[in-house]
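Chemist: Supplied in structure tokens, the structure appears directly below.
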Amino acid sequence: MERNFTSPTFPKSTKPSKGRRRELTEEENDEIKEAFELFDNDKDNELDYHEFKVALRALGFDVHKAEVQKLMRDYDRQGKNKIAYQDFHEIAVEMILQRDSRDEILKAFKLFDDDESGKISLKKLRRVARELGDNVNEEELKAMIDEFDLDGDGEINFDEFLAMLNSD
């Protein structure tokens, strides 16, 4: 079952990037285990709502009540309002991979957005194409902007950039 974590912390798509899905490092897996063990206050090898929320926050995720409740419903296989370690690990891995993907996308966006305006203009697109040695004509560059400029301002913002990367 594929889950789609949507919040300001996570991208709307859970698609792995073009056939390459990185694995967590041993250190990241250890951090997940440590967070689980640290916040399993009653040492029953399961996390209740509060323990779960705090453990996710300890891993660096700004999760909100509704999101935690949905995850609890989705993963509580025993109907005890608790999350077992295996499920916690699965959730944490997916969230870490999504966070890393979003970070990579933001870095790519910043390569275009050299003045940190939050927008990619035709001029910026032309500069990057030239730096990469792409011989793309002005009409093709304009067509790229037009295709993904959802708000019609003549530039591409970060959300439009994300949508562009997730389009098939």
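Each residue, glycine too, has its Cβ placed from N, Cα and C.
Just so it is clear, the model here is predicted, and its values are computed rather than measured.
Below, the features straight out of TrEMBL:
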type	residues	note
COMPBIAS	1-14	compositional bias 'Polar residues'
DOMAIN	27-62	domain 'EF-hand'
DOMAIN	63-98	domain 'EF-hand'
DOMAIN	100-135	domain 'EF-hand'
DOMAIN	136-168	domain 'EF-hand'
REGION	1-29	region 'Disordered'
Chemist: Apart from its near flanks, which chain residues at least 6 from the ends of the domain 'EF-hand' (27-62) lie with a Cβ under 8 angstroms of it?
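Modeler: 8-9, 68-69, 71-72, 80-85, 88-89, 91-93, 95-96, 99.
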Chemist: Averaged over the domain 'EF-hand' (63-98), what pLDDT does the prediction give?
Modeler: 92
Chemist: What is the three-state DSSP composition of the domain 'EF-hand' (100-135), stated as helix, strand and coil residue counts?
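Modeler: Counts, helix then strand then coil: 23 helix, 2 strand, 11 coil.
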